[in-house]
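Enquirer: One structure is given below, represented as structure tokens, and several questions about it will come after.
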Amino acid sequence: MAKRKFSGLEITLIVLFVIVFIIAIALIAVLATKTPAVEEVNPSSSTPTTTSTTTSTSGSVSCPSELNEVVNERINCIPEQSPTQAICAQRNCCWRPWNNSDIPWCFFVDNHGYNVEGMTTTSTGLEARLNRKSTPTLFGNDINNVLLTTESQTANRLRFKLTDPNNKRYEVPHQFVTEFAGPAATETLYDVQVTENPFSIKVIRKSNNRILFDSSIGPLVYSDQYLQISTRLPSEYMYGFGEHVHKRFRHDLYWKTWPIFTRDQHTDDNNNNLYGHQTFFMCIEDTTGKSFGVFLMNSNAMEIFIQPTPIVTYRVIGGILDFYIFLGDTPEQVVQQYQELIGRPAMPAYWSLGFQLSRWNYNSLDVVKEVVRRNREALIPFDTQVSDIDYMEDKKDFTYDRVAYNGLPDFVQDLHDHGQKYVIILDPAISINRRASGEAYESYDRGNAQNVWVNESDGTTPIVGEVWPGDTVYPDFTSPNCIEWWANECNIFHQEVNYDGLWIDMNEVSSFVQGSNKGCNDNTLNYPPYIPDIVDKLMYSKTLCMDSVQYWGKQYDVHSLYGYSMAIATERAVERVFPNKRSFILTRSTFAGSGRHAAHWLGDNTATWEQMEWSITGMLEFGLFGMPLVGADICGFLAETTEELCRRWMQLGAFYPFSRNHNADGFEHQDPAFFGQDSLLVKSSRHYLNIRYTLLPFLYTLFYKAHAFGETVARPVLHEFYEDTNSWVEDREFLWGPALLITPVLTQGAETVSAYIPDAVWYDYETGAKRPWRKQRVEMSLPADKIGLHLRGGYIIPIQQPAVTTTASRMNPLGLIIALNDDNTAVGDFFWDDGETKDTVQNDNYILYTFAVSNNNLNITCTHELYSEGTTLAFQTIKILGVTETVTQVTVAENNQSMSTHSNFTYDPSNQVLLIENLNFNLGRNFRVQWDQTFLESEKITCYPDADIATQEKCTQRGCIWDTNTVNPRAPECYFPKTDNPYSVSSTQYSPTGITADLQLNPTRTRITLPSEPITNLRVEVKYHKNDMVQFKIFDPQNKRYEVPVPLDIPATPTSTQENRLYDVEIKENPFGIQIRRRSTGKVIWDSCLPGFAFNDQFIQISTRLPSEYIYGFGEAEHTAFKRDLNWHTWGMFTRDQPPGYKLNSYGFHPYYMALEDEGNAHGVLLLNSNAMDVTFMPTPALTYRVIGGILDFYMFLGPTPEVATQQYHEVIGHPVMPPYWSLGFQLCRYGYRNTSEIIELYEGMVAADIPYDVQYTDIDYMERQLDFTIDENFRELPQFVDRIRGEGMRYIIILDPAISGNETRPYPAFDRGEAKDVFVKWPNTSDICWAKVWPDLPNITIDESLTEDEAVNASRAHAAFPDFFRNSTAEWWTREILDFYNNYMKFDGLWIDMNEPSSFVNGTTTNVCRNTELNYPPYFPELTKRTDGLHFRTMCMETEHILSDGSSVLHYDVHNLYGWSQAKPTYDALQKTTGKRGIVISRSTYPTAGRWAGHWLGDNYARWDNMDKSIIGMMEFSLFGISYTGADICGFFNDSEYHLCTRWTQLGAFYPFARNHNIQFTRRQDPVSWNQTFVEMTRNVLNIRYTLLPYFYTQLHEIHAHGGTVIRPLMHEFFDDRTTWDIFLQFLWGPAFMVTPVLEPYTTVVRGYVPNARWFDYHTGEDIGIRGQVQDLTLLMNAINLHVRGGHILPCQEPARTTFLSRQKYMKLIVAADDNHMAQGSLFWDDGDTIDTYERDLYLSVQFNLNKTTLTSTLLKTGYINKTEIRLGYVHVWGIGNTLINEVNLMYNEINYPLIFNQTQAQEILNIDLTAHEVTLDDPIEISWS
């Protein structure tokens, strides 16, 4: 709590006093030195030099020669004021001014001090009689005879004291330290040397003769009110003294004065004496850890002066000099010895280690209740609510405000009911005034009656001061009467308010008046001759007069013991209030030994970043002082905090031993929940407090060790790593015990910390991953919600499942975290008792365990079991960090019984963590756990993926491991050693937007030789583009390599924020790898820390672990399932004119996958690389990329659901194109139409059969000799036919191939203009076209159709040139040719671009010989079709040149896979420019982003049953790839289809987005009218269903065009929580609501389908099928397909017709499928179906539909397109409405109510509503209700 605020007058007087004081000091300095006020600077240097200015001797003083003097050894002879030569002479000291005023100008020489007159040995040590030298006095009343007594108390503890043998002087009446009776210890670690003239004492470590304490550096001064002694120290590394704000844990030795005298003074950046009186310090001597400590048992005011030598000078104004010296082999031992002397810390109550909330001045109990409520709601672990003085009536102890805090006892009971505690503040000052009601203040009256107050100097009159209640008296807690009174008052009040602990404040002791309300007497106690450098330089400032009297003595002597004595008295009170319970005492003022009785907080700090940092030093110092239960006010007490500061402070404060958030009156609340339930601060606080509560068993065990052995809890790094001098100065991080390293962020805006990592194995606490750092400073990335937590290898940590209170958490299962050391060992221990009973250790009522790991064995040994209640708890989980090999078996045993297998374990290879669960090891017994490790076969990564067969010789020559003893025949026999790590990380830079790391090839590690030459220097760049998207890229920073010229939609600068990112990225160093972790689960979702990483010029390889076996994507290739098979299958990717087949690389190139995570999340990964590659899937699970060029450029999308991850990917590559409405109609095509008449015959047959049919195609046979932009003589009537059908509402699409003939004998404008515009691909550095042969035939020859393809190529194919679509000029040329053909030859509505892999019928060029072997036959050839035939097989030569839009050139080797992509946009742009309409482009070859402009069909499939299910897989994959308008050739392209197959395929194809029946020449016709009437009727029926649903389908296509995502949707995208759906691929969804379950096997009328967990309706009947969450046999007729509508959705529909042109004029209808709650919703997107960019230009109608029980409404979201004839609502079908009889249905439309015609089928819960009698259009809102 803060002090009272000063009045304006007081502030004015203080300011004036300070000004006068400063002027006086300046004048004294100038007069004393007679030197200029401005220091002269040597003109040759800007740095002032330090030199002596005068030399003076006074009287008979013999000053040291200037030449030999060490100025840093000067001991100040005038410490009380600025020195003058006159005073110096008067004191007979040496006067030698210096131009640095920090250095004493007047200093002692050897003429001062004492001589030894006699020395004797005693039973405890020795005694020496000292006589004072005849020298002038400093402050009068010198004591001439002094007695030195030494006591060798233990082998490592020496006491020596200097007393007045003739007069009893005040000595500290310590309540634990007792007099030593002897005998003297033998075999001590120290020697004591006493020098006789002048007297000095040295303490020497025997083992190395190091002098630890040496008072010969200065004289002993011993007078009545001034005692001085100095000692030279052997080390510059000293720690301790208090209480002050020490900005650094290690003391600054540069002439620092630290006063010690308890004072109510808030913390600040100065040397003010604060609340406590701590006179212990410690020094570390050397890297062996040897250390010593010094304690002065003295409670009088003093100051400690530290100077650089180093020298410590004590200036004490009373008592005696009573020193204890402690020698230890380590710093920790020294602290233990000190605490053994003063009393080890109390064992805290377990609940007091929980988080506490407090505030000075909540103002009312209602506010406190709200604070408690909101933090409970935020699930903040929170044990204790604390009340400051505002709960009291008029600030009076033992009262509460019955107005503002009315109901306080009930509130406390509510806390208890929730397992929480209540702590109240008590100040020592007791009001002398009556209660607010006028009643007597009984606590005061009872105290008066028992004479318990501190008295004035007369010893009988209570001294009266002023504190919070006004005029007050002060209990004398040193008096037995007072202790009894205090205990009684606490007990009485506890009966009124059932508090659980006490916070004692203001006990320095503090008063708001100087001394008393009478002032203070003018005497040497109130005004001593020397006043240390205390605040205000006034002894009784803010406290009592120094001549006031207590039971232990004068206030002058015992002032600094007030808080100590109050803590002891409060402990007695607690014993009475809580018999046999520990309770909790928190004190502000402390003395040596206070930790036996109370905890401590660091006082009234300020909400600044500096004070948060300084709190660590304060905490560590109080650990030295024996008060381990310590912490600072989290978020700051004074001043307004900020969210960032408070968040960071909450992170740090979660690891204070005493963790309390507390602030002052007048400032905003700062409890965590105040910042908002979903704030980053709340999330971070909850997270780290949960970790604190998880670790409480470990923390509690540390407190047990502090209580039993004096060990530190919050531990300086140097205590554990003393052999490393870097640790001696580390104070921005600290340890819990020996094992948990805590690294907070202490700087505003920082997200990285320069952290020193000591020499040990360290594991990230949150992930369990081993860190590569050791004995080095690192830039640790600590984003906004993170603090550094690292577990030290070699230690075992007990944990417990957390809860929101310790009451609850103590009942939860226990566990262990084992952090293995380098030698795979670890040790630990665990203490457990009931958490609250007093003296359980002393009474043996506890459980104690030791843990030890070695050789994969964990021994859990109970060494003490006398707490039977604790045996109900059990160790349930054991997490072992650093398990380097896969664990194959875990066995367990109890009490030396035989081992049994335990199957419940998982091994995380990314983090090398073994997690063993469900153990049920009850406390009180011994257990053993063993785990077996092996390098699993499934972990092997092939080292010889080459085209030739691996042999042992080739394998070993490469540097890899050969092993033919494989269990799985697919496992590689040649594989990488686990230690393979060719690149080392030379530097890593973290920034708020990403990471940059440099890699260097390490020749000593590069023993494996892979294809091509390795690149020496690499750079890794990580960019946090979005909260859900991260890019990571590896490239050569010194030589520009090819990068994919495909633009992505990514932010120009990263937009992610640290607090909202879904991921964390880390560069691992040994081995190098990139790890990406999902924050929400901690799951590693990318982990390339696997062997085999290579970055060679033409061979790049990287592997990553996968988070599960569920991975989807990569293409284009024919897959047998949607989920990839991870059994060492390799799939090549390189665009090729290759009909689909197993493991055959086909038309497209999509290096994208989506992976599912076991925890129920999904993510996607794109490798932006267009070079040939292959990917191997391994059962690890893992995958390996092998790429033969470019760079590694990955993009990850974090989802977290499959659909969201897909949308995120599409946002980057571009949302799918919006097709025209007509393109959703049924389409017919055939390669092999002989003439126009055949097409006309087909068309007329379809029309006559009334089969829905929108689009007719022609393949290349319409062209003259397969030349683009020509029409063959056999098709001369085709333009007229196209005009005819277009006039009837149909559409026409033509095919265009890229290859342009160059052998024409007559002008061929397409080639001629192309050559003129230089559009064709050429050989590099020449103007020569690289000729190919494709479809175009030579002119003037007769085609022999009996020839094979290869024979025909030689006989009749023309030389053809490939347009270079990367060139700007090519797009212009292509547009002109398309426009010219449209205007001058034939109209069309869409374009089908084929053969654009690009495909050639020769290898590379017409000679089949290319010019660059290295490119066409690269050192590594991916696993592609025709693997040994070269990359140029059936395509262009790899060395041919393309020109990008920026004019730069690239090789076909790099951009081959982009050829189809490069053609797509120019074609789409040309189509729209030509037709002025949206149109559709269908492309065979695709690359990421192509879906923005084109659809895709799945290529030249086969008329086989197995090609049907593969078409579903292909559609779902292309949905992932961002190409939603997809489908397969219905009934198959190759081979003769057959009736049953074509029937089922037509039923399936009716629900392809792109529904086209297409086959090849010389096979039978397979169009619907080519079969029989039954087939015709089946086709008509199923296509009528399609056309009915087109508004719904069109709306879904709009949704993914606007937002990304899937139209053909895998079931798992909607039912991700149902893992059964993760394997389903024989069914699919249209959007979220329409499920298709086709028949994919011959001659069956039963299909086995999965019905996800939702309400489903049979589309054909409208009935609820009553099945969910199970596999079901679905029966159907030959002419039908299973279709189901999902409850909760509304599907807009339209009456079907033969074309979409006609259907769009029919009535709309709605299918309303209610969910279990009779709710549903849906939407309609509607435009004219053909205009370009209607969504982007707001030219559309958008309607939202909602069903709420018995009311259906529509809401208009956009009205940019209205055509009332297209949007007439005619029918509504409501399914699943319940079987309540409906009597009426009403329509509210245009504010008029209409009764409607309806039909209800009660049993089937169907309501059919007819609106055709009313002109209802959807451009106005509707409301339909029934009752």
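Any Cβ shown, glycine's included, is placed from N, Cα and C.
Pulled these from Swiss-Prot:
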type: ACT_SITE; residues: ASP505; note: active site, nucleophile
type: ACT_SITE; residues: ASP604; note: active site, for isomaltase activity
type: ACT_SITE; residues: ASP1394; note: active site, nucleophile
type: ACT_SITE; residues: GLU1397; note: active site, for sucrase activity
type: ACT_SITE; residues: ASP1500; note: active site, proton donor
type: DISULFID; residues: CYS63-CYS94; note: disulfide bond
type: DISULFID; residues: CYS77-CYS93; note: disulfide bond
type: DISULFID; residues: CYS88-CYS106; note: disulfide bond
type: DISULFID; residues: CYS520-CYS545; note: disulfide bond
type: DISULFID; residues: CYS635-CYS646; note: disulfide bond
type: DOMAIN; residues: 61-110; note: domain 'P-type 1'
type: DOMAIN; residues: 932-978; note: domain 'P-type 2'
type: MOD_RES; residues: TYR391; note: sulfotyrosine
type: MOD_RES; residues: TYR400; note: sulfotyrosine
type: MOD_RES; residues: TYR1382; note: sulfotyrosine
type: MOD_RES; residues: TYR1385; note: sulfotyrosine
type: REGION; residues: 39-64; note: region 'Disordered'
type: TOPO_DOM; residues: 33-1827; note: topological domain 'Lumenal'
type: TRANSMEM; residues: 13-32; note: transmembrane segment
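Can you tell me where each of these features sits in this structure?
Expert: Just so you know, the Cβ of ASP604 (active site, for isomaltase activity) picks up 25 other Cβ atoms within 10 Å once every protein chain is counted.
The Cβ of ASP1394 (active site, nucleophile) has 24 other Cβ atoms within 10 Å, all protein chains considered.
Classification of GLU1397 (active site, for sucrase activity) by DSSP places it in coil, neither helical nor stranded. Sequence-distant neighbours of GLU1397 (active site, for sucrase activity) (same chain, 6+ apart, CB under 8 A from its CB) are THR1135, ARG1136, ASP1137, TYR1147, THR1435, HIS1456, TYR1459, GLY1460, ARG1484, SER1485.
Note on ASP1500 (active site, proton donor): other Cβ atoms within 10 Å of its Cβ, all shown chains, come to 21.
According to DSSP, CYS63 (disulfide bond) sits in a coil region rather than a helix or strand.
Here CYS77 (disulfide bond) comes close to PRO83, CYS88, ARG91, CYS93, CYS94, PRO104, CYS106, PHE107, PHE108, LEU138: these same-chain residues lie at least six apart in sequence, with C-beta atoms under 8 angstroms from its C-beta.
Residue environment of CYS106 (disulfide bond) contains 24 other Cβ atoms, counted within 10 Å of its Cβ in all protein chains.
Other C-beta atoms found within 10 angstroms of the C-beta of CYS545 (disulfide bond) number 27, with every protein chain shown included.
Under the three-state DSSP scheme, CYS646 (disulfide bond) falls in the helix class. CYS646 (disulfide bond) has a Cβ environment of 27 other Cβ atoms inside 10 Å.
Annotation for TYR391 (sulfotyrosine): same-chain Cβ neighbours under 8 Å, separated by at least 6 residues, are LEU365, TYR400, ASP401, TYR405, LEU408, ILE424, ILE425.
Every protein chain considered, the tally of other Cβ atoms within 10 Å of the Cβ of TYR400 (sulfotyrosine) stands at 21.
Around the Cβ of TYR1382 (sulfotyrosine), 18 further Cβ atoms fall within 10 Å across all displayed protein chains.
Contacts of TYR1385 (sulfotyrosine) defined by a Cβ separation under 8 A and a same-chain sequence distance of 6+ are given as PHE1269, THR1270, ILE1271, PRO1279, in order along the sequence.
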Enquirer: What is the Cβ neighbour count of ASP505 (active site, nucleophile) at a 10 Å cut-off, with all protein chains included?
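Expert: Within a 10 Å radius of the Cβ of ASP505 (active site, nucleophile) lie 27 other Cβ atoms.
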Enquirer: Run through the domain 'P-type 2' (932-978) and tell me, per DSSP, how many residues are helix, strand and coil.
Expert: 10 helix, 8 strand, 29 coil
Enquirer: By CA-CA distance, flag whichever of CYS520, CYS545, ASP604, CYS635 among the recorded positions is nearest to ASP505 (active site, nucleophile).
Expert: ASP604
Enquirer: Reported as an integer number of Å, what is the Cα distance between ASP1394 (active site, nucleophile) and TYR1382 (sulfotyrosine)?
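Expert: One finds 19 Å between the Cα atoms of these residues.
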Enquirer: Quick one: of CYS63, CYS93, CYS520, which of the disulfide-bonded residues has the smallest count of other CB atoms within 10 A?
Expert: CYS63
Enquirer: Based on Cα distances to ASP1500 (active site, proton donor), point out the closest of the recorded positions CYS545, CYS646, TYR1382.
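Expert: That would be TYR1382, nearest by Cα distance.
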Enquirer: Could you tell me the mean pLDDT the prediction assigns to the domain 'P-type 1' (61-110)?
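Expert: Mean model confidence (pLDDT) across the domain 'P-type 1' (61-110) is 92.
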Enquirer: Quiz question: given the disulfide-bonded residues CYS88, CYS94, CYS635, which has the greatest number of C-beta atoms lying within 10 angstroms of its own C-beta?
Expert: CYS635
Enquirer: Just checking the disulfide-bonded residues CYS63, CYS520, CYS545, CYS635, CYS646: which sit within 10 A of TYR1382 (sulfotyrosine), CA to CA?
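Expert: Cα within 10 Å of TYR1382 (sulfotyrosine): none.
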Enquirer: Using C-alpha atoms only, work out the spacing between CYS635 (disulfide bond) and ASP604 (active site, for isomaltase activity) and round it to an integer in Å.
Expert: 11
Enquirer: Name the secondary structure element type, per DSSP in three states, that contains CYS88 (disulfide bond).
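Expert: In three-state terms, CYS88 (disulfide bond) counts as helix.
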Enquirer: So among CYS63, CYS545, ASP604, all listed as recorded positions, which is physically nearest to CYS646 (disulfide bond)? Use the C-alpha atoms.
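Expert: Comparing Cα positions, the closest of these recorded positions turns out to be ASP604.
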